[in-house]
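**Student:** This is the structure I want to talk about, given as structure tokens.
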Amino acid sequence: MSTLLLYLGIFAVFFVIGVPIVLSLSLSAIILLYFSDVQVLVFAHQFIKSMDNYSLTAIFFFILAGEIMNSGGMTKRIIAAVSKKLGNIPGGLAMVAGVSAMIFAAINGSAIATAAAIGAIMIPAMQKQKYGSAYSGAVVAAGGVVGPIIPPSIPVILYGSITGAAIPSLFVGGMILGLLITAGHVVLSYIIGKKRGYYVPKSAVKNMGNVIDVEENESKGVIWAIMLPIFIMVTIVAGIFTATEAAAFTVVYAFIISKFVYKELKLEGITQIFERSMKSTGTVMAIVGSASAVAWVLTYNRVPQQVADYLLKFADSQMVFMLIVFILLVIVGMIMDLTPAILILAPIFIAPVTQYGIDPVYFGVIFLAILTTGLITPPVGTLIFTACGMTKKTFSEVSKELIPYTIVTFAVILIAVFVPQIITFLPNLLYQ
């Protein structure tokens, strides 16, 4: 445990003084190696080796597909279709934002991309109908939190590639939990909307184009957008495609629909789409390399086994262990970005999870869901900063409005902790 505490202490110093996350991870591990009998060159080898993974190719393809969809009109069609069903209910626009975010996340797989795409349309719409600006940002941030949980999730791919847990089973379990979290957010939005008087007047509902910045007829082509996540899920679950193959297909599908059906994708914009996709992928892969190398250093120093032995002293059952993990991951999620947290902590927990006989799919989904909630909790709260940028509200204002959504999210996850069958029933039915 002393090795882990030393590493966390060094990392905390770099993090507090504002060193970029990749350098914080790498420099902390290199300093740790200085006190070991391992040459620093080993760190460089592990850094490069971790990125030489076929499964990680899916990350670029899903990011590219998301960029194409943003440019090709899929986002506004999803919003237009959902708004027709929910627009005039109390809190209806907040519900539209939440449900649209879930659908878009099922195509894109990224929390930040989801929040940015949905927020660009829904935040102005909510502000126009006198929803509070901070609340509008909070709703969009809360909607984005399901992105890393439901398929096709980039964090799920990372977790599966590290731990060996079955990615299709993780996708199915994550889909169930993501649907439940979104349902919880929708109910909460209704309650808040009714209490605060957030609704669209009936006179405006007939022409939602006056409320939301989309054309009235744009909902007609939404079936093409809805079919995509269903197709991805079915092909992966059925074993027809691997996650990487499904990601590549998603790019082709998104291009064809955006260019030839919606006719909104401009060929002159393709260069910028690839440029943004490569920058985003490069950032993710740099974190993957550094965090994976850190995980190797910790494993070399037997930190996973030390953690397992330490937890065994205090947790005399699976449920006590899961509650300890729940509390620990909540704290980690508040102070560390999602990707490095997955890459560093996942290898550490493999040993204790095995010793307690915990279902790896159940643990993986819970693990990812708790860490993902860190995206909407201070002080890091990446999605909070995203919402602040779109609403021009302060971090504290958006954070305050997010409290009810954060509580609901944690409550749903905690229920799943106590009732594992919520997550494991469908994967077990499909794969056993």
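Placed from the backbone N, Cα and C atoms, the Cβ positions cover glycine too.
Automatic, uncurated: that is what TrEMBL annotation is.
Per TrEMBL, the features are:
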TRANSMEM  6-35  transmembrane segment
DOMAIN    8-422  domain 'TRAP C4-dicarboxylate transport system permease DctM subunit'
TRANSMEM  56-73  transmembrane segment
TRANSMEM  93-123  transmembrane segment
TRANSMEM  135-158  transmembrane segment
TRANSMEM  170-192  transmembrane segment
TRANSMEM  222-240  transmembrane segment
TRANSMEM  282-299  transmembrane segment
TRANSMEM  319-336  transmembrane segment
TRANSMEM  364-390  transmembrane segment
TRANSMEM  402-423  transmembrane segment
**Student:** Counting only residues 6+ away from its ends, which parts of the chain sit with a Cβ under 8 Å from the transmembrane segment (6-35)?
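**Tutor:** Sequence-distant neighbours of the transmembrane segment (6-35): 42-43, 47, 286-287, 290-291, 293-294, 297-298, 301, 335, 337, 340, 344.
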**Student:** Which sequence positions outside the transmembrane segment (135-158), separated from its termini by at least 6 residues, show Cβ-Cβ distances below 8 Å to it?
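**Tutor:** Same-chain contacts beyond the ends: 55-56, 58-59, 62-63, 94, 97-98, 100-102, 105-115, 118-119, 122-123, 126-127, 167, 170-172, 174-175, 177-179, 181-182, 185, 189, 192, 229, 232-233, 236, 243, 246-247, 250, 284, 288, 338-339, 342-343, 364-365, 368-369, 371-373, 375-376, 383-384, 386-388, 390-391, 393, 398, 401-402, 405-406, 409.
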**Student:** At a C-beta cut-off of under 8 Å, are there same-chain residues at least 6 beyond the transmembrane segment (93-123) that contact it? List them, or none.
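**Tutor:** Same-chain residues near the transmembrane segment (93-123) but 6 or more away: 62-63, 65-66, 69-70, 74-76, 78-79, 82-83, 86-87, 129, 131, 133, 135-137, 139-148, 150-154, 175, 178-179, 182, 185-186, 189-190, 192-193, 198, 200, 211-214, 225-226, 228-229, 232-233, 250, 254, 338, 372, 375, 382-383, 386-387, 390-391.
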**Student:** Which listed range (282-299, 364-390, 402-423) shows the maximal number of Cβ pairs under 8 Å with respect to the transmembrane segment (319-336)?
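**Tutor:** If we count Cβ pairs closer than 8 Å to the transmembrane segment (319-336), 364-390 scores highest.
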**Student:** Mean pLDDT, the domain 'TRAP C4-dicarboxylate transport system permease DctM subunit' (8-422)?
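**Tutor:** When the pLDDT values over the domain 'TRAP C4-dicarboxylate transport system permease DctM subunit' (8-422) are averaged, the result is 83.
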